[in-house]
Structure formats: C-alpha cells, structure tokens
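K.L.:
Got a structure for you, written out below as structure tokens; questions coming shortly.
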Amino acid sequence: MADWWKVSLIAASNVLLSISIVFANKAVFAIYRWNFTYALTLLHTITTVLGMYGFAALKIYQPKQLSKLKLLPLALAFVGYVVTQNISLRLNTVSFYQISKISITPGVLVLEAFLFRRYPSTKELLSVLVVCLGVALATVTDTQMGSNMLGVLVGFGAVVVTAVYQVLAGSKQKELQASSMQLLHQYCPMAAICLGILVPIFEPLGTTNPTPTTILGYNYTVQSISAIAISSVLGLLVSLTTFFLIGATSSVTYNVVGHMKTVFILAGGCFFFGDEMPVKKFCGIAIAMTGIFWYSHLKLSTGTLVAPKTIDSATPNKHKASMTA
C-alpha cells in the first residue's frame, strides 16, 4: 500500500474518532452531569496504559526502554492538553470549543518557528492569517464572549497547551527514534501517576461525605457508566491515530487534515446540543475553513503533506517520525 493511502486511512480514522470523542465527552458532562474532568482524563489515561500493554502482549509492537527524564515533559504536556481541552468542552458550547481549536494551527507554526527555526512560506503565512481572521470573527460574534469569559480564557489556554503537546509529540518521536506505540507505552504510566495525584486535589472524592456532586457519591447508572467507558476507549484510539498521523507527516499537517472534523462537530453541536449559528459566526467559520483548505493545497503542491516511509513498521529500526513542516 502506498504511503499516501496509509496516511489517508490514518487521517480518516483520526477524524472519525475525534468527532466521536467530542460528542461522547460532551454527553458525559452535559447529559449525565459527571463533571469530573481530572477523573475522566485519568480513566482515559489508564485505558491507554492497559491498551498499550495489551498491544505489546499481542506482538503488535515491540516495547522500547526510553529515558524517563526525556519523556517527563511530554507526559506533563499530555496531562495539560487533555485536562484543559476537557475543561474547555465542559465550560463552553461545542461550537466555541471547536472554533477555538482551529487556533492550534497558528500556535504550532509559532512554536516550531521559535523552537526549531522552521519558518512557513509567505503563502502559507497568508493562509494561516486567513484562518486567524475567521476564528476572530467567529469567536467575537459568539454570544458567550460576553457571558462566559472564564470559558473563553480556558478555551484559548487549552489551545496553547495543545500546540505545545503536539510539537513535543512529533519532536520526541524523532529524537528518541521510537514509534508512536513505544512512546505511548513509556509516558502514559507517568501521566497516570500525575493525574492520580491531581484528582483528589482538584475534585471532590466524597470519601467522608459521598453526596451526588462527588465522584464516589454520584448516582451511577448503566447508561452513564457506558458513556464514560466509551469515552475512555475512544481516548485510547484518538491518542494512537494522533501519534501515527503526526509521526507520518507533521504537527501542522495533522491539524490541517484533522480540521475536516470541524464541519461535522459544529453541525453536531447545533443538532444535538442546540448551539446557535448566527450569520456572522457562520461567515467566520467559512473564512477560517477557507484558510485551512488553502494551507492544505499549499502543502499538497509542495509535496510536504506526506513524509514517505514513516509508517511502514512499528519497530524501532524502521519507524522514524518526520517533523517536516
């Protein structure tokens, strides 16, 4: 199978799974009122750890010992990325949550220019400027800009943390010459330990007074438990496909390919959760998506959308991630 077919398959899987987990997480928060963001992130991470050990036992990949010290920044960035995105989703509408995530692409460009001196071309810079203008129009006209400033601040804070995580994910694969699965296998237990410490600090366990607003006192049902479990499994699958896609292309290309999900998530937010879509907000989204497709066209025309021979194998001697921007 040609490399571009492999990348296309991974990209399609990542888009579908990313859409699914947004609605699954929103259902956990909005429908079942299980508003324990750190605990949900911990369950996601534990599921990923168990999944990686299962994949290793099935010989899907070969574990590789990596420096824990070198992986610590990635583990911390992962915790920050998932926690802040989940808090943003809990505090904001689905549409605002997704619109703010479009800003990750410019964020990644800025970080890669600052950290790796990797600069975009003039046309690429113009296309990203179009994205920023669209995001600005869509967010300024959002009704929650005046009524939910906490959600707005958390949303754009999550953008910064996510950009850091994505750049680190790609650079660590290249630096350590490890496959996506080998990297996940090594840093996820560290992330789980960090979250295990954070949960009792920031969220009510209910060990002494288990009221319905605490983790232990919540009124669990088959439906709520199923929603939490589905969300956790989707978290594992999204993590895997994200690493495969970034490793096979680049952090920015991952965002460009992944933004196809934006249309579906925005539509789903209106359909399932009653999000508003006024004309100015719609125009802002359309402008932002125009910039995204323009950037995608530029990457395709220069042949940098796909990095050849990066996903042929999960073994350490053949899998070398590319960070070509």
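Placement of Cβ uses the backbone N, Cα and C atoms for every residue, glycine included.
As annotated in TrEMBL:
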- 16-296: domain 'Sugar phosphate transporter' (DOMAIN)
- 7-32: transmembrane segment (TRANSMEM)
- 38-58: transmembrane segment (TRANSMEM)
- 70-89: transmembrane segment (TRANSMEM)
- 95-116: transmembrane segment (TRANSMEM)
- 125-143: transmembrane segment (TRANSMEM)
- 149-171: transmembrane segment (TRANSMEM)
- 183-202: transmembrane segment (TRANSMEM)
- 222-246: transmembrane segment (TRANSMEM)
K.L.:
Quick one: mean pLDDT on the domain 'Sugar phosphate transporter' (16-296)?
P.N.:
85
K.L.:
Should the transmembrane segment (183-202) and the transmembrane segment (95-116) be scored as in contact, given a threshold of at least 3 Cβ pairs under 8 Å and pairs 6 or more apart?
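P.N.:
When sequence-distant Cβ pairs are counted, the transmembrane segment (95-116) does not touch the transmembrane segment (183-202), since fewer than 3 lie under 8 Å.
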